[in-house]
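Okay, so here's the structure we're looking at.
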Amino acid sequence: TLFEESKKGNLERECIEELCNIEEAREIFENNLETVRCLGSHRAGINNPNPEPGIPQNLRTCIQEISNQCLPLPCYKNGYERCVDGKGSFTCVCKAGWRGQRCEQDINECEDPEFPAGCSQKCYNLPGSFMCSCEKGFYTQDNIHCIDINECILYRSVCVEPSQCINAPGTFECRCPLGYQYNMSSHECVDLDECEQDVCDGECVNTIGSFSCHCDGRKGVKLAEDSRQCEKIPKCLDLYDHKHEQILHLGEQFYMHFRLQADTKFAAEFDFRTFDPEGVILYAESLQDSWFMLGLRSGHIEVQYKNEHSIQMTSAGKAINDGQWHVISVEELMGSITVKISKEAIMSINSPKRLFNDKLKTKVYIAGLPDRNESLIKPINPRLDGCIRGWNLMNQDASEGVKEVFRQKESKHCYVHVEKGSFFSGEGLALFNIDYGSTNLWKLDVVMSIRPSSSTGVLFALVSNHSVPLSVAVVTQGPDDANLQFFMDGICVATLQSLMLCYPDRLVVEMKASADGLHITANSSSVSYSDSETLSMALSKLNSTMQGHVHTYIGGLPGQSASLLHF
């Protein structure tokens, strides 16, 4: 009856065990609406599916006694700590590192900002946990924070002197003196080749523990104040340094072979320019010791020749070493040899027979003599610094092949504009072999009239083997000023200060040196000398060097000695 069913326990038993399945029975205490629907579909008089407060009073006895909601276990077994049974519900209490209604979600402490792991370096997430790790060179005491290992204290012999151990976060460094680097294999300081690091704009020379940079003044650059970069050398004057490929420089000897007809007579014509007072312009020879030489002596034309009939030497005409162009011609006529300057005959030499006696082969040397020149009537300087153009030898113009050879060889090209006192950028130097005397009687007296440009450069130097016992150089002190410094074996022994660069007037400097002392005068400029002890030691060393042979250089130093001069 309805009365019996309303007794305690009957409705619960019948509903759960007989009328509702297990899933519906669980919902009795979790969902009132479903409970009413379940019971209302099986009991007469219970047909109100609406929720409270419309549920009949006699149904409320169903929630008085309930089963354990934690059985079977609703929580994720790896993530829960315990399950709490509630009135029609359950609560999963999660372990640290887990979350979710059933503790099924692992917390990534390495990434989750709400649950930061706090690792100071590396972090690895684990199921329900995490692990901190340190980089090489660190250790941890609390499994969270990393502490640097001081290798310099822990391993006191890790660096070998003269290096010093410098600790750094996670590592250490064996620091060597400047110019050296530590070799971890050999455990020593070795020279650091700074030149491999492109530290110089120009040429780099590595030295033990250091390096030096050099700029080629011949290319118009000098070393900047930072001693690394090269900067352009400003010019005081506009230089007319243009060369022409058809103006031939006589500074280098060359010769040509001619194969002639039997009746060909000797002939030569060309434009000639020089400041040089002495030297050979041309020399022609054939077989059987026949030769002809045209040259300058004291600026005047000189002719020497020899054949099987005669031997002669003569000189005539005005001096032509004035730097101007002169047309010179040599022509063998019937019974004579005529020499003309600017179409005007200056000499006519009787020659009753042919100069080369019908020889078919002739060799003509320009600006020089063959190696065997002892046959000359009077010795002459074989070299001549000058230029020729428009040349015609043996009535044969230069072939296109010969012109192409000269066109490609720039060293044989002459400057278009040249005048006495002209200055050209430093692309060469002069070498002299001068005897300054022997033993302690040697004496050096040099007078220089200079107009310095804005550059550092060597004006005068004595070179012995690979050393520079004495030199004079311009050393810039700024954009407009320079010092003229005098060096003995790389040590500055005297300085002429406040030399104005690019000044229109010339400065006359006289330097007298001997075993007894050094004396310098330069107009009214003041000269300061180094202390007496330094000067005395430098003079003593110079005196020792002067007992042997020295070379004199003007305008620079030979390449192999350039790095020996320090200023």
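Every residue, even glycine, has its Cβ placed from backbone N, Cα and C.
TrEMBL labels come from automatic prediction, so no person has curated them.
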Partner cysteine of Cys92 (disulphide bond, per TrEMBL) from Cys75, Cys110: Cys75
Distance check against Cys94 (disulfide bond) for the disulfide-bonded residues Cys75, Cys387, Cys414, keeping those with Cα within 10 Å: Cys75
Long-range Cβ neighbours of the domain 'EGF-like' (148-186) (under 8 Å; 6 or more residues past either end): 135-139, 192, 194, 208-211
Cys75 (disulfide bond) versus Cys414 (disulfide bond) - Cα distance in angstrom: 104
Disulfide-bonded residues listed as Cys75, Cys92, Cys387, Cys414, least Cβ neighbours within 10 Å: Cys414
Using Cα positions only, nearest of the disulfide-bonded residues to Cys387 (disulfide bond) (Cys75, Cys92, Cys103): Cys103
